[in-house]
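The structure appears below as structure tokens.
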Amino acid sequence: MTLYNKGGQPTKFDKYGNLDGIDYVILNIICYDSNVTIRPVGKSSASGHQLKIKEDLIKWNTVDSVMFANIFDSIWNSDSEECFRCSDLEWSNENRTHCIAKVEEFLSYTNDVISLVVSTLCILFFLITLLILGVFVSYRDTPIVRANNKNLSFLLLVSIKLSFLSVFLFLGRPVDITCMLGNITFGITFSIAVSSLLAKTIMVCVAFKATKPGSSWRKWVGVKLSNSVVLFCSSIQIIICMTWLAISPPFQELDLHTYPGTIIIQCNEGSAIGFYSVIGYMGLLAAVSFVLAFLARTLPDSFNEAKYITFSMLLFCSVWITMIPAYLSTKGKNTVCVEIFAILTSSAGLLACIFLPKCYTILFRPVMNTIRINQRKTINSV
């Protein structure tokens, strides 16, 4: 078959199906809004032995997809005059002669300074929480510890310690088991912590109503009500997490297409409904605790910690509400950093708002504790 070019000269196909004597121009198609621009960025010789590309002229689309990324996933074999595609885990070298492994990206313990910083903060906060727990155990018979249900305080401190330790599940190379344990652990531990604060707030309200003569609320004063609140609220979160794991659990995912030459190793939530159900239920518990604590903040009760719970829940809700859009707008290890920041900030906020004022009074203002004891003895004797 013979074709004629614009000059009227005959042109034939060679044995490889290429037009004899014609060089191929490689074009870069650039789409921006409704405008389309086409510009040459290289050429291939008629014989097929030479492929020249000017990489600095190529305009990539890195928002939704990478245009013509397959060019860089292939190598040129001049002997067989064929282009061989590299595997999904590889891409071509600069000379397009060999396939080389893509760079793996995840929050590494050894290669990322942020992992070292996060690990140090987690250990530091864990030791501080352990120290506060030791103080509360040592002064467990004092009014400031007993007045707000010491068992709930111990449970809250333990859950905060576990939340700090859960951060280590998000560091390192993600695998299926760490993806599942990381999301489930922080969801359950925070639910126990917020449920404990909710129970504390409810007990403040019940104790105030029970002080009125002939009140029927006196039968609700005790550990049974607080334990029931924590058990019921935490059980709902456990059921949500188990359902999430049974239907569509989190798993390791390799993102091969977001960045050329890079494999993003990350955790896929599996079921987005399951993930946001866990976050949403935590938010619901925090919102209820905030409203009750705000209403009970001015009740005339000794060691009323409702105002501290109000501040802690306000901080908790602010952190997790801010976390959601940041989580959705990031990729790879930046997403993990956002989640770690939310866990550390909210846990440290609970620790500071609830327990630091009590520790200050116990360790540095013991006279206030003694005065409160004498006042109670006088009131009881009257």
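Backbone N, Cα and C define each Cβ position, glycine as well.
Record features (TrEMBL):
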| type | residues | note |
| --- | --- | --- |
| DOMAIN | 114-378 | domain 'G-protein coupled receptors family 3 profile' |
| TRANSMEM | 113-139 | transmembrane segment |
| TRANSMEM | 151-172 | transmembrane segment |
| TRANSMEM | 184-208 | transmembrane segment |
| TRANSMEM | 229-247 | transmembrane segment |
| TRANSMEM | 278-296 | transmembrane segment |
| TRANSMEM | 308-328 | transmembrane segment |
| TRANSMEM | 340-363 | transmembrane segment |
Chain residues outside the transmembrane segment (340-363) and at least six past its termini with a C-beta under 8 angstroms from it: 118, 121-122, 125, 128-129, 132, 135-136, 139, 142, 144-145, 153, 156-157, 160, 163-164, 166-167, 170-171, 186, 190, 193, 197, 305, 308-309, 311-312, 315-316, 319-320, 322-323, 369
Recorded stretch, among 113-139, 151-172, 184-208, 278-296, maximising Cβ pairs under 8 Å relative to the transmembrane segment (308-328): 278-296
Selected stretch (most C-beta pairs under 8 A with the transmembrane segment (278-296)) from 113-139, 151-172, 229-247: 229-247
Positions whose Cβ lies under 8 angstroms from the transmembrane segment (184-208), at least six residues beyond its ends: 148-149, 152, 155-156, 159-160, 162-163, 166, 169, 217, 220-221, 225-227, 229-230, 233-234, 236-238, 240-241, 244-245, 278-279, 281-282, 285-286, 288-289, 292-293, 295-296, 299-301, 304-306, 309, 312-313, 316, 343, 346-347, 350, 354
Sequence-remote partners of the transmembrane segment (113-139) [C-beta within less than 8 Å, at least six residues beyond its ends]: 107, 145, 150, 153-154, 157-158, 160-161, 164-165, 167-168, 171-172, 337, 340, 344, 347-348, 351, 355, 358-359, 362-363
Surrounding residues of the transmembrane segment (151-172) on its own chain - C-beta under 8 Å, 6+ positions past either end: 106-109, 115, 118-119, 122, 125-126, 129-130, 132-133, 136-137, 145, 178, 181-182, 185-186, 189-190, 192-193, 196-197, 199-200, 203, 223, 226-227, 230, 336, 339-340, 343-344, 347, 350-351, 354-355
